[in-house]
């Protein structure tokens, strides 16, 4: 039986992860290892300045106290889940992870850590906070497809699901990441002692929403599947940079 490590960034008790785990447990061996609280936008942060503790809930779920999503997958794969899991599934996130969101997302980061540790990995997000059952069934369907036809590309699958009933889903689309306009909102408040408090504002509005993007697919009622990879090298820029370096070295004056 496939052994799945399930994590997220919304916290171990979040509706998304609990709905997902309930659906997956009907077919697979599932172990939740997730933050004990909301750690949204934690990205790939790893805790190295203090020790971490675990809490095991009555149902067997494991919460990592003050841990990040990356901490949870690191500990789960390397120590807590035995035998070692076959795959990491992160989600269901409460809200989308489209376009530039993947840079900040703790949901995507948990999947990235799984892939970095050598496992297949899926991140699942719902474009809203209502139809978690839809996203759970979509995840089960994708896992079934992966078992029938294993994917050898070695990528992370970033899945975004429209927040609609399952019967209204039009199908799947393979997409690229779109983009948002840069977020510039900062909200300020003053505490009782007169100190200024700062709140980071919401993400920017959609920018690149071309027909092959994740934004376009979800807006049209399709499940978006975007392949992501751990290697951040900009390969197309390598030759350009080599030429630049050669010219810069020739023309340098000091």
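Placed from the backbone N, Cα and C atoms, the Cβ positions cover glycine too.
Over in Swiss-Prot, the protein carries these features:
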BINDING   9, 10, 40, 93  divalent metal cation binding site
Starting from the Cβ centroid of 9, 10, 40, 93, which together make up the recorded divalent metal cation site, report each further residue of the same chain whose Cβ lies within 8 Å of that point, ordered by sequence. 8, 11, 14, 16, 38, 39, 69, 94, 95, 105, 106, 107
Residue among the binding-site residues 9, 10 whose Cβ has the most other Cβ atoms within 10 Å: 9
Min neighbour Cβ count (10 Å) across binding-site residues 40, 93 flags 40
